[in-house]
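Working notes for the structure below.
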Amino acid sequence: MAKGGTQIRKYRLQGAGLDLALPYLMLAPGLLIVLGVLVYPLWDGLRASTKVYRYGSVVADAGMQNYIKLWSDPQFLNSLWVTVKFVALSVTFETILGFALALFCLREFRGIRLLRTILIIPMVITPVVVAIVFRLIYASDAGMLTAISVWMGGGQVQILGSPVKAFIGLVILDVWEWTPLMFLILLAGLQSLPHEPFEAARVDGAGSWRVFADLTFPMMRPVLAIAIVLRTIDAFGTFDQVFVLTRGGPGEATRLVSIYGYDTAFKFQQTGYAAALFVTIGLVVLALAFSAVRLLRRVDAS
Amino acid sequence: MNSRLARIGVMSAVLAIVLLPIYWLVSTSLKSNREITQEGTLYPHVPTLDNYIRLFTEKQFGAYLTNSLVVTFFSVAIALVAGSMGAYAIARFRLPFAMERKVGLFLLTLRIVPPVVILIPVYLLMLKLGLLNSWLGLIATYTAFNITFCVWMMESFFREIPVDLEEAAMVDGDSRFGAFRRITLPLAAPGLAATAIFAVLVTFNEFLFALALTATPRAMTMPRGTATLIGRIDTDWASMAAAGVIGALPIVFFALLVQRHLVRGLTMGAVK
C-alpha cells in the first residue's frame, strides 16, 4: 500500500512539462528573498569583518586583524562575560520557576485557564515596552519601588544607578518576561508524558519526591534540554530591553555583546571591527546550538 | 483543604507578580508628570487622558502605528505565500541530491543565527539600495526572516496531511499546483494561522532592525518610535507610560484573541 503510494507520487513527479519544474518554481520566491536579504548580507558581513572602515567606506584590508584584536579588547571580553552571566542567571531562574509552575499547573483546577491566559501577557508585550515598564518600576524619582517605599515610610530606591543592582534588575526583567514561555513549553511536555509509569508508581506507593526524581525528571530531560537551548540562544541576542532600560550602563555593568557591537558599529563607526564581533557571536551561538543537538541525540538514545 | 489554600496562595502570588508591573504602567499613564514625580501616588488621584492625546497630537504616534501595521501586514503576507509554497516543495517532492532536506536544514540554521549578526551588512545593503528609512527596506528584511520561520513551521503541518487527498484530486483532473491550492492549503489552515500569528507577534515587536534602518517618522515602527520618545524627553514619564500602554495594547489584545493557536504554535516545535 505504502509502496504503491510512493510509486504514484514518483510518477506524478516525473510527469510532463510544468509539473517537472513545479518544486523549483515553488521554492524559488522564498529562496530568492532569503538569498538576497539574508545570505548575501551574511556573506557581505564576513567580508566586511576583514576590512577597516572609515565612515561607511573601506579604507584598508585587515585580514584576520579584527578577530585577533577582539580577544585582547577588554571591553569586548567584559561584554562577553556580562552576557554569559546574564544568560546563565536568567535561564537558570526561568527554568526552575517555569518547571515548578508547570508541575503546579499539571492538575486541572479552577482558575488554571485564567492563570495561563495571564501568563501569556509578559512574553507577547513588545520588548521595548517591557523595558519601559521596568524603568517605571526602578526609576528613583517616579518608580514603583520608590512609591511603595515612601508609602511605607522609607526613602527613595535607587536601582539603575548601581552596577550590581542594575544587572540584577535586568535579570529580573528577563525572568519576568520569559518564565511564561518556559512554563508553556514544559507544561506541554508534562502533558504529553505517558500515564502508565505514574500509575504503576502510585500502585507501588511511591512518594511524590520519588516520582519526581525517578520518573518525571528523567522523562522530561529532552523537553527541558530543548527549552533551555531555545531560551539560551534567544537570550544571547538580547538587545531591545537593555537598550531601553540601561543602554548598557552604569559603566559597563549591563553592556551585553549585542549592545557593545551595536555601539561599535553605529556610535563609533568601526564597521569592520563590529562585523567581526557579530560573526564571532554568530559562530558561538551556532556552536552552542549544534552541540546541544548532539547532546540531545545522546539523551534520546540512552 | 490545606493544599487548596496553598494552591490559591501560589496562584495569587503569580498573578500579582505578572499584573503589578502592568498595573503600574497603566496607572502611571493616567497621571500627570507632577503627580508622578512629586507626589509619588500609588494610584492616579487625578486621572487624565492628556498623555494619550499628547502622543497623537504632538508626538506623531499615529504615524508609528501606521508604519507598524503596514510593514507587519506585507512582510507576513508575502512570507506566508512564499514560505508555504517552499515548505510544500520541501515536504512533498524529492529533488536531486536530497536538496529538499538540505534547503530545510539551511533555513533552520539561518533561523538560529541571532539576527544581530547580519545587522551591519543588511544596513550596508539598504544604504546601497537607497532603502534606508523606507517601508520597502523594512518589509524586505522582515519578509526574509519570516520566510525561514514559515517554511520550518509549514513543512511539519504539510507532512501531517495525507498525500492521498491530493492524489484523489489529481485523478479527478486537478493539476499538482491546483491540488496544493484547493486541497492541501485549506487543510493546513490551522497551521497557517498559527504561523501567521507568530510571525505577526515577532514582526510587530521587532526593534533592532527598525532602530538601524529607520530615522524619521516616515518609516519608524511603533517600538522604534517609542524608543525615540524616551531618548528625546528624558523624564517625561507620563508620555513614556502612555506610549507603553498603546504599544502593548494591540499586540496583547491580538495574542489573547488567538491564544489557542498561540500556545499550539509555541509548543508544537518544541515538544514534538
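Glycine residues also receive a Cβ, built from the backbone N, Cα and C atoms like all the rest.
Copied over from TrEMBL, here are the features:
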- A:21-43: transmembrane segment (TRANSMEM)
- A:80-294: domain 'ABC transmembrane type-1' (DOMAIN)
- A:80-106: transmembrane segment (TRANSMEM)
- A:118-138: transmembrane segment (TRANSMEM)
- A:166-190: transmembrane segment (TRANSMEM)
- A:211-233: transmembrane segment (TRANSMEM)
- A:273-296: transmembrane segment (TRANSMEM)
Same-chain residues at least 6 beyond the ends of the transmembrane segment (A:166-190) with CB under 8 Å of its CB atoms are 82, 85-86, 89-90, 93-95, 97-99, 101-103, 105-106, 116, 119-123, 125, 127, 130-131, 134, 138, 159-160, 216, 220, 223-224, 226-227, 230-231, 234-235, 238, 241-242, 245-246, 249-250, 253-254
Per the Cβ filter (under 8 Å) with a sequence gap of at least 6 from its ends, the transmembrane segment (A:118-138) is approached by 101, 144-145, 157, 159-160, 169, 172-173, 176-181, 183-184, 240-245
Same-chain residues at least 6 beyond the ends of the transmembrane segment (A:211-233) with a Cβ under 8 Å from one of its Cβ atoms are 87, 90-91, 94-95, 98-99, 103, 178, 181-182, 185-186, 188-190, 193, 197-198, 201-202, 285, 288-289, 292, 295-296, 299-300
